[in-house]
């Protein structure tokens, strides 16, 4: 649903709101996301790791949750104070005041949502069902209430509702795993240092994710932000999907490391690395092949200038997937957050400088180039600190197999789909051709990750039939 909802909603919204309206909402959300970060302290990954270790200890898990909630309560109050000051102190925010107030409601819901608890418990069925229900409600609301370009505030609220509803459900469902009323002596101090590092990492990552849109808004205009939003749309759909898959490694990896089960941990690393590359290479090549018809179909001719930035941004999917794997399978379980903290902050400094230089010269293209360059620099830095851990399980074919098969997949898509004029048919044919050609090549060369997916598919079908 995280893929389906934006694919259905964005084409409709982009045509109704136009680049300017989409740009306003994207700018406001990019700014509010920094206050969300302050409120949540980037605590999700730390909390997931520690909760995974305590998953079989009801009392200590309940105590841990109370401690984390208390910390985030203070942080949330502080975030709202900063937001109120900013709304009056920053001239640029005056014209966006009502929009930003609406968007700011997600500060409270994200902080109180305790989604990390369900990831630690590996409650993926619940997460999927809950998300699907609220995104369907949001989609229906979009078609009912967004009809003209002035409805951008309503559009922003509907986008927030999905997450807000999911997080409210979390509060009630959490009673299955914890008792928040349990009496115990709280120990907040021991969390301060690791939370500080995770907050720094999350803060810098949030800056990296949103600084391009924010700087485009300040240096250029809302239209530039809207074009950039269209350019990164498909990347922002695919990257979180892969990150969600690699994110499932964190609780299991933390559990194995804490219990000194090196054999299971090494096996998990090998599979996790293979899956992240198996998915990211064909997605990158596929996006390059379909970028123009995608923009025309889902955004319209007003967004054609977003095609080239989309091509530039697409290789970022590979780096992002690799980074997600390293974070979730190595850095966090092995408590290497201090090193990751310094890497992230170095990346922020470089990204701000590079964005400032390139946006002034190249507009939207500059933002795209800067983001991709910095992402690959960070990938190399993280690989350097993680290589001693992954080198014994690393196999060259983990890269070569998806690289070569994706290359031939791209040739097949370009050759067979190039004469198709209808954008919908082009996309449909390209996706079908890409999927079957890539998987066929992987089966022919007996790729081990392809075998895993086949086994998973067969077992899923067997469960449905039985």
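Cβ from N, Cα, C; glycine included.
Because TrEMBL annotations are produced automatically, they should be read as predictions rather than curated entries.
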According to TrEMBL, which of these ranges is transmembrane segment: 127-146, 227-246?
127-146
Tertiary contacts of the transmembrane segment (423-445), as residues 6+ beyond its ends and Cβ separation under 8 Å:
278, 282, 285-286, 289-290, 293-294, 296-297, 401-402, 404-406, 408-409, 412-413, 416-417, 454
Are there 3 or more C-beta pairs under 8 Å linking the transmembrane segment (365-387) with the transmembrane segment (307-329), counting only pairs at least 6 apart in sequence?
yes
Would you confirm whether the transmembrane segment (399-417) and the transmembrane segment (272-295) meet the contact rule of 3 or more C-beta pairs below 8 angstroms, pairs 6 or more apart in sequence?
yes
